[in-house]
Every structure is written in C-alpha cells, then in structure tokens.
C-alpha cells in the first residue's frame, strides 16, 4: 500500500504484518505445524504437540493440520496483497513519466509532495514494526509502499515540484530506513542503533498524526503548525525520560508500540478526510477512480485473515478499517452520488462481506473453537 495525501484516494491505504517461527525441535516433526509468533498461539501449538507425542487422538492431528493449512493460506493471502497495491501506484508513476518526457512539468504540481511524504513516513514506520516481528509478507508490502512513493517523489524533484534539498534529505531517510530494517531483520544490527531508529520514528509519527488531523478541517479552523509542534515536544520529552530510566516497564512497552499505532491511525484517518472533502464538495466524487478504490479494498481485505490468525489487533484494525471505510465506504458514497452502477457496488459489497465472513469462520474452525466470538475476543485481548 502506497498511501496518498490525507485528502486523496489516489493511492493505496494500509498494509501490515507477522509470520511464523519454528517450534522447538523437541517436538515430533509431525507436530510442528504453524509457528505463529504470538505467544498464546505458540503455547497452544506446544500443548497440542506435547499431547500428540503421547498417543495422539485423531482430532489433535486434524486440528494441527487445519492450523498448518490456514497458516500457509493466510501468509499467501498477505503476500498476494502486493499485486493490487502495486497496480494502484503504477498509473501515477507512468503518468508522471509521460509528462516528464513530454516536458509538461507543470502537470506534476498537482501531486502534493507533503502528502506523499506523510504516506512514506507511515509506510516506513509500519515497515519497522513488521521487521521487528519478522513478518515477511507485510515487510514486502511496506517496502513496496516506501519504494513506490520514493519514485514518485523523485519524479516530483525532477519536475522541480519539490525542492532538491528536501528530496536529498528524504533520500537519506529512505536509504537509512531500508538498510536498518533489512539489517535488523537478519539480526545484524546493534540493539542501541535500533532503539535510536525506533525513537526517531516514534517522534515522527506522534508529530505527524495530529498535524494531519488538524489540517483536514482547514479553513474551518485556523491554519496552524501548533498541533504537530506540541506533539513533537511531548514525544521528545517522553523519549528522554525513557532513556533516563524514569518510566516504568509498562509505560516503556506502551511507548514502543506507539509508532505502529500512529502510522495505522494515520492511514485510518485518510478515508475520514476523503469523506469530509466529499461532503463539502460532492461534485469532486466524479474525480475519484472506483477501480483504484476497489484495488485498495482488495489489498487490505487480503490481509484481514493473516492479522486475525496471528491475533494482531493493530494490523486487523488497520486492514479492516481500510477495507470497509476507505474502500467500501467510499464506494457507497460514489454509488449514492450515482458515480458507479449498482451492479459494481453490489459486487464489491458481496465480495467484501462474504470474504470477511469466510476468514472469521475459517479461523474459528482452524483453532477448533465453537464460536467466532472466541477468536475475536482473543484478538482484542491479545491472548
């Protein structure tokens, strides 16, 4: 997913995260099915494998097999989300290229580089979140988002639609972020260096989110940089206190999770900004691409099963929000204003709701639960 500026739907919404680690070798090979990183999932796997090692009943083997198949499928679904996210950004890149070749640099002024930069920061933050958890499919999605936005920013710099010094600074950020995440993914990075990077993206996320939310409602509220400035000062102060050891372990754990949530909330704010813009100027809905919105809905929908399977509330919240509000919600607005046909809207509606229902049902069956509410309760509680 390569996100657009906060008030645009021209790019993909969210993308997200986590894979499986091998279960300890002391378990029998046939009992090494699904190695999810979530601690509660690993506990269930270990207990089922230990039970299977002593005359396993057919039901235990059957459940382990279902978990393994569902683990593999959800990972493939998350990996497949790269295709719609790639297709979303390619038209913009190709259009910019044609305008550059023809010498029509003024056309690129319509692409706001600050909005693209916001999306890049969101992708970079989520990339670090997923790299830390070693979720390969989500890492690929976020890396694709970072690279595609960087290509667009490079085109804007070539068209002089953004300052070269700004682009140079962004280039350093992108290269450093990709290298650090790659090195950390393979365990080659010093822990202190990674903490510095996490502190940086935490401050950046906390600073950008309230500023974007404030800017959405300008000119109904005064234009100001105070929200971002105040949030930045608070974030820096909290990071300093954390480094000085003045905060409890519980607060430290919360701070380490903030960066991922701020990026997710930033992406979740985009459909609200778009709907607010549509409410103010209904005629603008004709300028939205239903195909682009549909691709974003598909990409995020493909990640819902994986997020549910590994019990990652942040990923599930972001992917579901983007699918139902950013995707289906905006398609509903387009249908209301007669910008798309009822057949298109009905097909998208049925596909999304049926897909989500199947994902929840399959997850419930894979874990052997009697009700989908148990899976959803574990998702919320993290157990």
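Placement of Cβ uses the backbone N, Cα and C atoms for every residue, glycine included.
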Of the ranges 76-94, 285-303, 304-322, the one TrEMBL annotates as transmembrane segment is 285-303
**Request:** For the transmembrane segment (254-273) and the transmembrane segment (138-158), decide whether they are in contact, meaning at least 3 CB pairs lie under 8 A, counting pairs 6 or more apart in sequence.
**Result:** no
